[in-house]
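S.K.: Can you read through this structure? Questions will come right after.
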Amino acid sequence: MIKRIKRIFLNLLLITIFLIGLVLIFNFQIRSYLLNKQVQQYDIANYSKKDLEDNLKRKGNFDFDSVESISNELVLKAQFKNSDLPIIGGIAIPDVKLSLPIYKGLDNISLLSGAGTMKSNQQMGERNYALASHSAKDKTILFSPLEFISLKEKIYVTDLKNIYIYQVSLKEKVDPSKVEVIDDIPNKEMITLVTCGDLEAVTRLIVQGTLIDTVEFKNANQYIQSLFS
């Protein structure tokens with residue numbers, strides 16, 4: 001009887017070790033899958049213009065210090081937390097295959113599910129529209145594709161009322177303390193995208209673009225509309 005119990009215990013231990021090994025081996029793939037799933041859950045195509053307008057009236061968290069780095073714990077928490085995230089738009093950069101929802105504020109779950117606005121009073125197409133999101137080892141995730149963006153490529157942002165088209169004018173890595181990059185500049189309509197410049201989060205990658213056109217969503221050509229459907 002004792003031998004049988006020992007054998008069962010040993011088998012359970014081996015199975016546990018095996019499962020832990022699998023998780024460690026496939027940790028990268030599992031995290032990427034869960035993050036992609038999180039983004040797809042809030043696809044802008046599932047929302048109406050009124051939904052976005054209503055969400056814009058909600059309160060947001062704009063405390064930079066509350067933002068946590070990506071971790072397995074945070075990713076799992078996002079999967080099991082039934083969040084009603086305040087989606088207010090979408091961003092697409094087709095040249096680097098980036099397509100994400102935009103949320104109001106810097107809530108940690110929001111930043112695992114897309115991009116978040118960095119200032120409480122900002123409006124698309126006006127002043128310096130600043131967005132932040134995470135970067136990851138998987139260069140297809142969240143703002144990771146910004147690593148491959150080039151000058152003069154186009155950034156599309158929409159609230160389903162209009163589509164705002166920006167052209168990339170700057171790409172650089174800066175110290176995290178350089179928060180003035182999101183400040184408004186008089187008489188200039190622009191966008192600023194902020195993410196980690198490396199996996200250790202020692203630097204920040206900044207991409208800025210200048211507004212070159214604003215098109216009413218219903219009047220945009222089929223290609224541009226398809227970026228958000």
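Every residue, even glycine, has its Cβ placed from backbone N, Cα and C.
The active site, proton donor/acceptor annotation in TrEMBL covers HIS134. Marked as active site, acyl-thioester intermediate by TrEMBL: CYS196. TrEMBL lists 12-30 with the feature transmembrane segment.
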S.K.: Cα-Cα separation of CYS196 (active site, acyl-thioester intermediate) and HIS134 (active site, proton donor/acceptor), in Å?
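M.R.: With distance taken Cα to Cα, HIS134 (active site, proton donor/acceptor) is 7 Å from CYS196 (active site, acyl-thioester intermediate).
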S.K.: Counting only residues 6+ apart in the same chain, whose Cβ is under 8 Å from the Cβ of HIS134 (active site, proton donor/acceptor)?
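M.R.: Long-range Cβ contacts: SER69, ILE70, LEU111, LEU112, ILE141, LEU142, PHE143, SER144, THR195, CYS196.
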S.K.: Just to be sure I understand the packing, how many Cβ atoms besides its own are within 10 Å of the Cβ of the residue listed as 'active site, acyl-thioester intermediate'?
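M.R.: I get 24 for this one.
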